[in-house]
Amino acid sequence: ADKYREEAKLSPNSAASHYNLGSTLQERGKTSEAIVCYLSAIALDPSYSEAHYNLGSAYQSLGDLDSALGCYSSCVSLVPGHAQAWYNLGYVMQDLGDLKGAVRSFKMAIKFDPRDVDSHLNLGNLYRGRGDPSKATSCYRRAIECEGTSVMGHYNLGSAYQEMGRVEESLGPLGRAAELDPEYGDAHFNLGISFQELGRYEEALECYRDAFRADPNFEEARSAMRGVEKVVKRRRGEKKRGGGGEVEEGGKENFRNGVNVGGRKEGREFGAVV
């Protein structure tokens, strides 16, 4: 930072010097100071696309979404193929409630970076939020094609199948999500619900137990586990007595939507610019 600060003093009319200083300050968490540097770089060179992009990421990290929106929009106007700017633009639009704009932005991100998993996941989440789980499943499958070990890809696909009533089909992706991340309680929990829907109570019980082991504060898992334990005990008792009567299900909770894919991608470009 000291090196770049000295460089900016020696070359006050160099946009790259101000940009480099801003990048270094932003990396060190000095966001407000970084913003001043990016603004200086843009004042010297309004076509400096990465300065617009980093300025947007700085505003975004401070929660100033309207300013971030303007910066990312400027970046994609200057460089239409900037996939990360389109991605962040979609994220900001989503947070601001412009879902139509967010869908378009994520589609543009995918156009320029077809293998970006998070773009597919976020687009799928938007479709689910708009009540179109069929389109959402297509997005989640594409995410999995891009990265077969995507926990959220498998989890969201399974959860979307549950929403559509395709319970049998939800078992595969939910089971895969739980296998990839054994500590992901929601994956075990939703898998348990699917087993319970299918009348496979002992398998459901194991899933609820796994969910509770993963998160001892997971009260829904605890409640479901206790309810299904009663069902399993009753069924075992019926078998011993030779009975076959109907057994109350009990303990079933609503499945948990898995629409969180992690934090925003800042994609900052640090270091000297030639």
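Here the Cβ of each residue, glycine as well, is placed from N, Cα and C on the backbone.
All annotation found in TrEMBL is predicted automatically rather than curated by experts.
Annotated in TrEMBL:
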type   : residues : note
REGION : 234-261  : region 'Disordered'
REPEAT : 15-48    : repeat 'TPR'
REPEAT : 49-82    : repeat 'TPR'
REPEAT : 83-116   : repeat 'TPR'
REPEAT : 117-150  : repeat 'TPR'
REPEAT : 151-184  : repeat 'TPR'
REPEAT : 185-218  : repeat 'TPR'
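For the repeat 'TPR' (49-82), the DSSP counts in helix, strand and coil order read 27 helix, 0 strand, 7 coil. For the repeat 'TPR' (185-218), residue counts in helix, strand and coil come to 27 helix, 0 strand, 7 coil, using DSSP. Counting residues of the repeat 'TPR' (117-150) by DSSP class, helix then strand then coil, yields 27 helix, 0 strand, 7 coil. Mapped onto DSSP helix, strand and coil, the repeat 'TPR' (15-48) counts 27 helix, 0 strand, 7 coil.
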